[in-house]
Amino acid sequence: MTTSEKPDLAGERSDYIGGRLIEADAPDEPWSLFDAWLAEAFAARDDGYLSEPTAMSLATAAIDADGHARPSVRTVLLKGSGDGAISWFTNYESRKGVELAANPYAAVSLLWAPLHRQVRMTGKVERVDPEESREYFASRPRGAQIAARSSAQSRVVAADALAERVAAETERWEGRDVAWPEHWGGYRMAPEAVEFWQGRPDRLHDRLIYRRVGGAWSRARLAP
Ligand SMILES: Cc1cc2nc3c(=O)[nH]c(=O)nc-3n(C[C@H](O)[C@H](O)[C@H](O)COP(=O)(O)O)c2cc1C
Ligand code: PXP
């Protein structure tokens, strides 16, 4: 079709033909399966048919004055996984930062579409140790460091004002390391639930959910 034609949204569908995800092959805890799926997503990226294997949707929910939770969602990059938690980095004064300060419960979803797979996690979020944020910030490309210092993420900004701020920060740090700004750092979530979704023909997908109670994981199959 040409770009001037309206896409047929209602008629658009793919068939999912992934392998089975069955209890007999699944571990008792979610992390080894998550690591295996992550490794396969990276392998697919290396083979050129999957992009952004670490991109994940992050949902937060502010409770408004009328008492209703109003969710908001955006993409962030998964930057760490281990010791029962995942992590990502952002601006603590952004919309998501403000919402997490008010309500630390969040949800994430990773979609690896070419593999017909999705992983969802929910749980409580906390800031990582400032030293970890400083170290990660120091590992980023210089342009991204300058951007993090220059951008009051989620606030209204004039294009000219942002460009001026970037120019000023670029000049300020010329010839030396860009200092870590304390308003920029990591969050970690130790999920209380992790769901693996493997797409299957006729929408009869496999879904296994792991739930953590105390230190132990339970596992159950969910209807597709
Ligand atoms: C593929 C992709 C990756 C992104 N990764 C991040 C990230 O790791 N951290 C971040 O703060 N914003 C990231 N963003 C931008 C966010 O989606 C979002 O625009 C920004 O964080 C502001 O969100 P908020 O106003 O809801 O706080 C990414 C966007 C895309 C499309
Ligand atoms: C605003 C913003 N912050 C942070 C990131 C994560 O970037 P990095 O991999 O350089 O930490 C991104 C990636 O798109 C982004 O858009």
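Each Cβ is built from the backbone N, Cα and C atoms, and glycine gets one as well.
Note that TrEMBL annotation is computational and uncurated.
Feature list (source: TrEMBL):
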- 50-171: domain 'Pyridoxamine 5'-phosphate oxidase N-terminal' (DOMAIN)
- 74-79, 89-90, 95-96, Q118, 153-154, W197, R207: FMN binding site (BINDING)
- K79, Y136, R140, R203, L204, H205: substrate binding site (BINDING)
- 184-224: domain 'Pyridoxine 5'-phosphate oxidase dimerisation C-terminal' (DOMAIN)
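Of all the binding-site residues in the record (F89, R95, Q118, S154, R207), the one with the smallest CA separation from K79 (substrate binding site) is F89. Sequence-distant contacts of Q118 (FMN binding site), defined by Cβ-Cβ distance under 8 angstroms and a gap of at least six in the same chain, are S109, L110, L111, W112, F196, W197. Checked against F89 (FMN binding site) by C-alpha proximity, the binding-site residues R140, R203, H205 yield R140 as the nearest. In the domain 'Pyridoxine 5'-phosphate oxidase dimerisation C-terminal' (184-224), helix, strand and coil residues by DSSP number 3 helix, 29 strand, 9 coil. Highlighted here would be the binding-site residues (L78, Q118, Y136, L204, H205, R207) whose C-beta falls below 6 Å from ligand 1, but none qualifies.
Closeness to ligand 2 is met by R140, these being the binding-site residues among Q118, Y136, R140 whose Cβ falls under 6 Å from the molecule.
In the domain 'Pyridoxamine 5'-phosphate oxidase N-terminal' (50-171), helix, strand and coil residues by DSSP number 43 helix, 47 strand, 32 coil. Cα spacing between L78 (FMN binding site) and Y136 (substrate binding site): 13 Å, rounded to the nearest whole number. The two recorded residues, H205 (substrate binding site) and S154 (FMN binding site), have Cα atoms 37 Å apart. Regional average pLDDT for the domain 'Pyridoxamine 5'-phosphate oxidase N-terminal' (50-171) in the model is 97.
The two recorded residues, R203 (substrate binding site) and V76 (FMN binding site), show a Cα separation of 28 Å. Annotated pair R95 (FMN binding site) and Y136 (substrate binding site), C-alpha to C-alpha distance, rounded: 21 Å. For R140 (substrate binding site), the same-chain residues that are 6 or more apart in sequence and have a Cβ closer than 8 Å to its Cβ are A148. Around Y136 (substrate binding site), the same-chain residues six or more apart in sequence whose CB sits under 8 Å from its CB are K79, F89, G185, G186, listed in sequence order.
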